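Peer 1: First, the structure itself, so that you have it in front of you.
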Amino acid sequence: MLQATGVILAGGRSRRMGQEKALLEVGREAMIRRVAGVLKEVFAEVIISGGVEENGLRLGLRVVPDLIAGGGPLSGIHAALCGAAFAKCLVVACDMPFICPELARYMMEQSEGYDVAVPRHGQHLQPLFAVYSKGCIRAIEESLRAHKCKVIDFYPLVRVNYVSEENLRALADIEVAFFNVNTPSDLVKARVMAENSRTGRVWLV
């Protein structure tokens, strides 16, 4: 069990989905419950950032509200870092139903000596499956005050390890692990992916 905090980011408005995503079921289980189950395998503390209090009650987890409103996911990361019991947090979006413990542990290892460890995935980064330390708090606050609300906007102000895609692929099928559910068609695809897995969870062990 890692002495760190797993954070489920659940405060999004889900405009493209048209309803709250956290409670939508994939593999006969709410997405937020799937994510929580994986994080509980790895982290000594698991919390929810944003979203409704009922989600925390269902899962027996503490919900931390935004302290600086209007910054989207960056506000959620800030609230989580301020409220976490440990110095480092792995932040995971609630709409990533196929994350795996192996990647979570590896990302924590890759955060040693850095304020942020973020995966590369193709031409993009995965800032909502990334490790952030409490050393980021001031930089995030500075970014939010300047209305720079993309998660990666504060990265130039801190020490960042951009984790190679090749190393991640050695641990898991990252096309599956990083699949996120934004639209109704994504939800259909995720349910098919889960159904095609005997365990209801699609990852490489």
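Quick reminder: no glycine exception, Cβ is built from N, Cα and C everywhere.
Small disclaimer: the values here were computed from a predicted structure and weren't measured.
Straight from Swiss-Prot, here's the annotation block:
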type    : residues                    : note
BINDING : L9, A10, G11, K21, D66, D95 : GTP binding site
BINDING : D95                         : Mg(2+) binding site
Peer 1: Between any two of L9, A10, G11, K21, D66, D95, the residues recorded as binding GTP, what is the biggest Cα to Cα distance in Å?
Peer 2: 19
Peer 1: Determine the minimum-neighbour residue: among D66, D95, listed as binding-site residues, which Cβ has the fewest other Cβ atoms within 10 angstroms?
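Peer 2: Fewest other Cβ atoms within 10 Å, among the binding-site residues D66, D95, is found for D66.
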Peer 1: For L9 (GTP binding site), what is the tally of other C-beta atoms lying within 10 angstroms of its C-beta?
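Peer 2: Its Cβ has 26 other Cβ atoms within 10 Å.
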